[in-house]
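Written out below as structure tokens is the structure these notes cover.
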Amino acid sequence: MKVGILDSTLREGEQTPGVVFTTEQRVEIAKALSDLGVAMIEAGHPAVSPDIYEGIKRIMKLKREGEITPEILAHSRAVKRDVEVAGELEVDRVAIFYGVSDIHLKAKTKTTREQALNIIAEVVSHAKSHGMKVRFTAEDATRTDLDYLVTVAKTARDAGADRVSLADTVGILYPTKTRELFSFMVKEVPGVEYDIHAHNDLGMAVANALAAVEGGATIIHATVNGLGERVGIVPLQAVAAALKYHFNVQVVRLDKLVEVAGLVEKYSGITMPPNFPITGDYAYVHKAGVHVAGILNDPRTYEFMPPETFGRSRDYVIDKYTGKHALKDRFERLGVKLDDRELEQVLAKIKSSQNTRYFRDVDLLEIAEEVTGKVLKPRPPEKIEAVISVKCGSNVYTTSVTRRLAVIPGVKEVMEISGDYDIVVKVEARDSAELNNVIESIRSVKGVESTLTSLVLKKI
Ligand SMILES: CC(=O)SCCNC(=O)CCNC(=O)[C@H](O)C(C)(C)COP(=O)(O)OP(=O)(O)OC[C@H]1O[C@@H](n2cnc3c(N)ncnc32)[C@H](O)[C@@H]1OP(=O)(O)O
Ligand SMILES: O=C(O)CCC(=O)C(=O)O
Ligand SMILES: [Mg+2]
């Protein structure tokens with residue numbers, strides 16, 4: 001099966017209310033997407049604003065230097081000046097869109113069907129004459145008269161477009177209809193390849209993307225975390241996992257998805273809900289006793305693919321939904337041996353605290369001590385984790401400090417932040433003596449003025 005991802009986080013994603021990427025962030029996201037392995041990056045619509053123009057310019061420089069490998073696209077209206085701006089940037093491809101449904105023709109461009117065909121032919125030819133590869137997007141394709149859609153696609157193809165994007169702009173498709181539409185277009189208008197641009201207004205964008213591929217589409221438009229106008233488009237992480245599971249096609253590095261999702265969450269300011277597919281905090285956290293008993297025997301009972309595939313790990317929470325298998329396992333992990341009767345008593349206590357959202361390990365040990373009347377000695381944790389906030393002196397170049405911190409043994413992650421502190425460092429150590437050494441090393445880095453250490457007590 002031939003299919004690749006066009007990531008549009010930098011174009012469609014930036015159309016999410018409240019989202020703006022700085023030029024630096026735009027470049028960093030493009031690099032992360034390239035490392036992830038997407039086939040194409042829609043880097044923005046350069047005629048929109050000077051910073052988007054600048055960002056695409058920087059991305060194209062990295063492309064020429066071989067640091068970014070995917071095909072880079074610029075979005076453009078069917079307006080010659082927009083196309084020329086994309087041409088100045090020497091992008092690999094210009095993506096020219098035009099709303100072709102009667103609703104769009106009437107309410108937006110105020111053109112007849114015939115006039116629209118002339119504009120499409122003229123602007124696509126104009127882009128070709130500037131040496132660019134062209135994708136033509138039939139915006140609102142899914143509410144367009146089918147015969148007219150065929151004529152539109154033929155017009156774009158005959159003017160030089162080698163790709164056509166069929167956009168479900170208002171997100172009304174469902175999978176059967178999507179498959180039919182793509183099969184039909186592939187048959188009626190050969191000689192071009194098809195993209196699916198699916199909005200998620202009815203929550204079916206991923207399913208529609210898969211159906212489009214079954215119908216013959218070879219590129220799926222996606223955004224990291226599903227960003228985009230209104231409720232967004234196909235989330236990259238979900239569609240990549242679905243393609244792997246159903247078709248055994250690997251479109252990106254799956255183990256890097258969680259990192260890129262975090263980066264885009266940070267820069268977009270749009271928080272990923274915990275129940276978000278694949279990269280949400282709860283994607284691999286189980287709860288019901290029956291489920292946990294199942295996964296302890298064989299994780300496939302409640303996981304469609306192992307968490308390690310996506311660079312994640314498995315966990316479960318304890319509350320009134322817990323059963324004896326989960327509880328026994330949790331105490332074993334804590335290094336505490338309870339007999340069946342004691343476990344039952346602890347479980348009864350848990351069940352009678354109906355409104356407790358989570359029982360932490362310390363809570364469980366407290367209950368177990370109450371039940372057994374013994375002072376229990378849990379196994380010490382295998383590692384200590386800490387978050388160290390670092391303040392740099394004034395006139396210190398923060399990034400130079402960041403680079404020095406990143407190479408200290410025990411330092412797992414370094415982030416430059418805004419606020420009272422300049423840098424946050426995540427640290428792992430075997431014991432408190434080792435942690436102390438790491439802290440001392442951090443404090444001795446030139447430019448570090450002060451530190452504040454917080455121990456990690458619990459992760460969910
Ligand atoms: C479904 C999608 O997401 S498609 C992508 C949409 N992308 C964007 O809108 C990018 C952000 N947009 C912008 O920054 C601005 O709208 C600009 C720079 C593109 C245009 O700004 P303005 O010239 O001030 O026009 P404005 O946005 O108010 O209206 C849109 C104009 O573009 C025209 N237009 C809309 N779509 C197209 C198109 N695909 N091709 C040609 N013209 C178009 C409209 O008819 C209208 O023209 P008019 O000025 O003659 O009435
Ligand atoms: O250019 C495209 O493929 C899609 C344009 C768009 O964002 C849409 O129609 O929703
Ligand atoms: Mg869109």
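In case you wondered, yes, glycine gets a Cβ from its N, Cα and C as well.
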Quiz prompt | According to TrEMBL, which candidate in Arg58, Arg113, Arg135, Arg157 joins Arg11, His75, Thr169 at the 2-oxoglutarate site | solution = Arg135
Exercise. Out of Glu12, Glu385, Glu413, which one does TrEMBL list together with His197, His199 for Mg(2+)?
Key: Glu12
Quiz prompt | Where the C-beta lies under 6 angstroms from ligand 2, the matching recorded positions among Arg11, Arg135, His291 | solution = none
Practice problem: Using only the residues recorded as binding 2-oxoglutarate (Arg11, His75, Arg135, Thr169), report the maximum Cα-Cα distance in Å, whole number please. | Solution: 16
Quiz item: For Mg(2+), what surrounds Glu12, His197, His199 with a Cβ no more than 8 Å from their Cβ centroid?
Solution: Ser8, Ala167, Asp168, Thr169, Ala198, His221, Thr223, Gly228, Glu229, Gly232, Ile233, Val234
Quiz item: Other residues with Cβ within 8 Å of the Cβ centroid of Arg11, His75, Arg135, Thr169 at the 2-oxoglutarate site?
Solution: Ser8, Glu12, Glu42, His45, Ala95, Phe97, Thr137, Glu139, Ser165, Ala167, His197, His221
Quiz item: Just checking: which of Arg11, His75, Arg135, His291 have a Cα that is within 10 Å of the Cα of His199 (Mg(2+) binding site), counting only these recorded positions?
Solution: none
